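**Student:** Here it is, the structure in full.
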């Protein structure tokens, strides 16, 4: 039985934290980096591995930027199935994909344009024979503090990881986990959280520093240096 690898990129958000006061309301994923929209870099990073048969980009209805941003890219489609939050968008994109239960789904953030080919290959290689699937992640290196305006405590960083994307799971398992999370009203911020809540333990695969999420205005300058 042939199992396809399909990538999903949720790109229906606006990325308000990445904008400076007074900047035009261009969604973060379409802002330029190294002369191209950030979303295009993220999709091209996925296309670098020929095992991924298709990249499916989930956008908001009426999105006026995606066609130009992704023009000419092979194995790439975009669909207006963006929802009010990430879990809804990914669930809709997964349903729209028509993936079989045993197909592999890789969900990748549009705001991670610096994904190295080696890290992507490492994730795929590690997960293809895994019963659950997994995600790219980095061990926490800094001292971690908890608190608001003042420190309330120092958190033991031993065993703590910073989750990255892609996150790779079989379509059937991911579909079930997302449905459970939505039904329970869980505030999951990534697919691994939904899979964990469904009783599974995703595999941790070494990520990469340059695969950070572009979140704040200064992040654009830093990512430019990588690209």
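Backbone N, Cα and C atoms are what each Cβ position is placed from, and that goes for glycine too.
Look at Swiss-Prot and you will find 17, 28 tagged as site 'Transition state stabilizer'. Annotated site 'Positions MEP for the nucleophilic attack' per Swiss-Prot: 157, 213, in sequence order.
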**Student:** Which of these recorded sites has the least crowded Cβ, counting other Cβ atoms within 10 Å: 28, 157, 213?
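**Tutor:** Fewest other Cβ atoms within 10 Å, among the recorded sites 28, 157, 213, is found for 157.
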**Student:** Between the Cα atoms of residue 213 (site 'Positions MEP for the nucleophilic attack') and residue 157 (site 'Positions MEP for the nucleophilic attack'), what distance do you get, rounded to the nearest Å?
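**Tutor:** So the alpha carbons of residue 213 (site 'Positions MEP for the nucleophilic attack') and residue 157 (site 'Positions MEP for the nucleophilic attack') sit roughly 20 Å from each other.
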**Student:** What does DSSP assign residue 28 (site 'Transition state stabilizer'), in three states?
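**Tutor:** DSSP call for residue 28 (site 'Transition state stabilizer'): helix.
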**Student:** Measuring Cα to Cα, how many Å separate residue 28 (site 'Transition state stabilizer') from residue 157 (site 'Positions MEP for the nucleophilic attack')?
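**Tutor:** A Cα-Cα distance of 31 Å.
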